[in-house]
Amino acid sequence: MSSSSSCLWINRPGMARTAFLLFLGQAVSLSVAISSFAISLVTNQGVHTPLTLSFFTYMALAFIYGSIMLYRGHKLLVPWYWYVVLGLVDVLGNYLGGPKPLYGDILVIAATVFFAMNNIGVEFCAKKKDRVEVVTMVSVFGMLVTASGMATLERKSLESISWSPQLVLAYVGNTIASFMFYTLSPFVLKMSGATLFNLSLLTSDMWAVLIRLFIYKQQVNWLYYSAYALVAIGIFIYSKTERDPDSTQAVEDGNTSPEGFPLIEENAESTRNGNLVL
């Protein structure tokens, strides 16, 4: 009885897509929590090198996705200078902040603005152009920006680091978690949009609570669980009631015919021919 009910639930129109989208959103949220945990391990050892942490992430992304892009061998669908802007905005969104109350708050607000700009830019490129190209080019220019910052802002900090296995593992953990974040984020942005993406990130604090429970053995207030339930309900309601991005764009463009979506048709044709379009 329960299995048949589950089948009926998942076979409802759009329900499978909603469940998959919610899963992706929580995977992104979990990657943020793991990355924050790894960064806290680095900071607890007296090391403050945010640009270096980002550099390793960008380098891994550029190597993996750049290899895929070179293998595919097509020209850029978006002019390279827009990716320079996205790469710079992405670095600033991750880097800006400070310990001083007023100055630090201003920098955090600026970082939030840059983060929002990056989300909108990546959403547009992922929906209209190519996901692999977006991740590759943003990571390449992000790597160049962070490398320049490392040479000027973090050189002394890097020279004074006493490397240990724990510190190396923390760097590796952050790189893996951040790689997972940058890999899954375009999927969420493409399937839904920046709104659901940012709503999903609200649950990263709840994943952090689980880390506190099982790793640090700390107790948390029961209100955390109530808050998580409310956020989860809100995300589900939004994801279930939002309009399909493709049909919405067609209405906005005044064109609902297949000719209005040449890139979508091209990707669909590639998929039918047995080539999975990343």
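A Cβ is built for glycine as well, from the same backbone N, Cα and C atoms used for every other residue.
Tertiary proximity for the transmembrane segment (20-39) is limited to same-chain residues at least six positions away from its ends with a CB under 8 Å from its CB atoms, namely 50, 53, 170-171, 173-174, 176-178, 180-181, 184-185, 187-188, 191-192, 196-197, 199-205, 207-208, 211, 215, 235-236, 239. Sequence annotations record features per position, and here TrEMBL assigns transmembrane segment to 20-39 (among others).
Taken from TrEMBL, the feature transmembrane segment applies to 51-71 (among others). The list of residues near the transmembrane segment (51-71) in space but at least 6 beyond its ends in sequence, with Cβ under 8 angstroms from a Cβ of it, reads 39, 42, 91, 94-95, 132-133, 135-136, 139-140, 142-143, 146-147, 149-150, 153-154, 158, 171, 174-175, 178-179, 182-183, 278.
According to TrEMBL, the feature transmembrane segment maps to 78-96 (among others).
The transmembrane segment annotation in TrEMBL covers 102-122 (among others).
What TrEMBL records for 134-153 (among others) is transmembrane segment.
According to TrEMBL, the feature transmembrane segment maps to 168-189 (among others). Remote same-chain residues near the transmembrane segment (168-189) are listed as 21, 24-25, 27-28, 31-32, 34-35, 37-39, 41-42, 45, 53-54, 56-57, 60-61, 64, 119, 122-123, 126-127, 131, 134-135, 138-139, 196-197, 200 (criterion: CB distance under 8 Å, separation of at least six residues from the stretch ends).
Taken from TrEMBL, the feature transmembrane segment applies to 196-216 (among others).
The annotation transmembrane segment is assigned in TrEMBL to 222-239 (among others). Remote same-chain partners of the transmembrane segment (222-239), defined as residues 6 or more beyond its termini with a Cβ less than 8 Å from a stretch Cβ, comprise 18, 21-22, 25, 192, 195-196, 199-200, 202-203, 206, 209.
Proximity of distant same-chain residues to the transmembrane segment (102-122), defined by a Cβ-Cβ separation under 8 Å and at least 6 residues beyond the stretch ends, is recorded for 82, 85-86, 89-90, 92-96, 134, 138, 185-186, 189, 194, 197-198. Residues 49, 51-52, 54-55, 57-59, 61-62, 65-66, 68-69, 76, 78, 80, 83-84, 86-88, 90-91, 95, 122, 125-126, 182-183, 186 of the same chain lie 6 or more positions beyond the ends of the transmembrane segment (134-153) yet place their CB under 8 Å from a CB of it.
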